[in-house]
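Database features, via Swiss-Prot:
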- Arg12, Ile13, Asp35, Arg79, Asn315: NAD(+) binding site (BINDING)
- Ser152, Cys153, Thr154, Thr183, Arg198, Ser211, Gly212, Arg234: D-glyceraldehyde 3-phosphate binding site (BINDING)
- Cys153: active site, nucleophile (ACT_SITE)
- His180: site 'Activates thiol group during catalysis' (SITE)
Amino acid sequence: MTVRIGINGFGRIGRNVFRAAAARSSELEIVAVNDLGDVPTMAHLLAYDSILGRFPEEVTAEPGAIRVGDRTIKVLAERDPGALPWGDLGVDIVIESTGIFTDAAKARSHVDGGAKKVIIAAPASGEDFTVVLGVNDGDYDPERHTIISNASCTTNCLGVLAKVLHDAVGIDSGMMTTVHAYTQDQNLQDAPHKDLRRARAAALNIVPTSSGAAKAIGLVLPELAGRLDAFALRVPVPTGSVTDLTVTTRRGTSVEEVKEAYAAAASGPYKGLLSYVDAPLVSTDIVGDPASCVFDAGLTRVSGPQVKVVGWYDNEWGYSNRLIDLATLIGSSL
């Protein structure tokens, strides 16, 4: 059965999701997009991307639609998600990627409009279930979970990074720093922002700011709830981020044992979600990598009970591929 998808919000993540679905999945069909932008602009930004390059098929704007190759995708422009005709369009799953409707009560409006499930492409509040694939997706219950959060890109990287290490040697406590690409929540030039650090020009500064990944990890790995803390450093790159996790372990270990644990995970149960590399990478090397976490073996350190591990991630493309994987998982039980 082909699962019919609607995308609410056609910004960076919405367009990346569209590209990922087109590149990977014959099981999913994007049938409609809702965004307040004008159709010619939306079509142009899908066709030409500063990071991903040109779309591999011809993209043209039509009245109320975008034509991609031989497919026509309906375009809606509705502010109220409850007014969207998902049922009339036969949409099974809505990917909520506006960044606005992250509260489950608001996201549930998509269900009122006829969708069967909603995936929030962000950390959420009041959701039925928060999932990180490879970590807790086995707990998904289609009978109980309708509004599902895919957590954040950082939580997807940290979740895999932490679970492999916790399963191998046990994590007692730890600190995480994500060195993260700038996002649209920041300013191109100095301008007012509720976070005074984010008020500063994104392309000119290293910007310390908060990260909810450590708190969110408790939702997907309850045994680590309250054991990790975190913050972020936003840096002047458009995509390509890295998680630096330093923990106190419950037993002694070695660099070799830690690396072996990640190598086994990457070639086994985490294949496709976790990649293992020995090469000396920089951030542009992982742009376009679909993995949740690219483990950088050469940066592994052990000092007494402390272990440092580092995982790269394309915060747009990797995360969007997880959204496609999650939609496929949910769709398999509709």
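Glycine residues also receive a Cβ, built from the backbone N, Cα and C atoms like all the rest.
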Cβ neighbours of Arg79 (NAD(+) binding site) where a neighbour is any other Cβ within 10 Å: 9
Shortest C-alpha distance to Thr154 (D-glyceraldehyde 3-phosphate binding site) - which of the binding-site residues Asp35, Arg79, Asn315: Asn315
DSSP three-state assignment for Cys153 (D-glyceraldehyde 3-phosphate binding site): helix
All-chain count of other Cβ atoms within 10 Å of Ile13 (NAD(+) binding site): 25
Asn315 (NAD(+) binding site) and Arg198 (D-glyceraldehyde 3-phosphate binding site), distance between Cα atoms, whole Å: 18
Alpha-carbon distance [Cys153 (D-glyceraldehyde 3-phosphate binding site); Asn315 (NAD(+) binding site)] in Å: 5
Ile13 (NAD(+) binding site) and Thr183 (D-glyceraldehyde 3-phosphate binding site), distance between Cα atoms, whole Å: 11
Cα separation, Ser152 (D-glyceraldehyde 3-phosphate binding site) to Arg79 (NAD(+) binding site) (Å, whole number): 24
Distance, Arg12 (NAD(+) binding site) to Gly212 (D-glyceraldehyde 3-phosphate binding site) (CA atoms, angstrom): 20
DSSP-derived structure type at His180 (site 'Activates thiol group during catalysis'), helix or strand or else coil: strand
Densest Cβ neighbourhood among His180, Arg198 (recorded positions), 10 Å radius: His180
Around the Cβ of Ser152 (D-glyceraldehyde 3-phosphate binding site), the count of other Cβ atoms that are within 10 Å: 22
